[in-house]
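Per TrEMBL, the features are as follows:
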type	residues	note
DOMAIN	1-90	domain 'Ribosome recycling factor'
């Protein structure tokens, strides 16, 4: 962030913090989107791993029920992550204090 601390005496440090530019905020939003995509990939891997484990269930109805529950849990986590991404992105890009 290009911070240049200045020391005065032994216990006083001046640190000028520059205003966060629009470009920096846009980069933060882009990074958040990349993290969200990694989260989706991780959720898919976890779903796939446990979906394979449900294939060992003998009864077809129990297997389908377990798979539906896994899919519902994955989708719920993905929707929550997407809502959080949207809220944080909007807040980052539209916050007038950070202009």
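Cβ coordinates are placed from backbone N, Cα and C, and glycine is handled just like the others.
Just so you know, TrEMBL annotations are computer predictions that nobody has curated.
The domain 'Ribosome recycling factor' (1-90) scores a mean pLDDT of 89 in the predicted structure. Secondary structure of the domain 'Ribosome recycling factor' (1-90) per DSSP, as helix, strand and coil residue counts: 64 helix, 8 strand, 18 coil.
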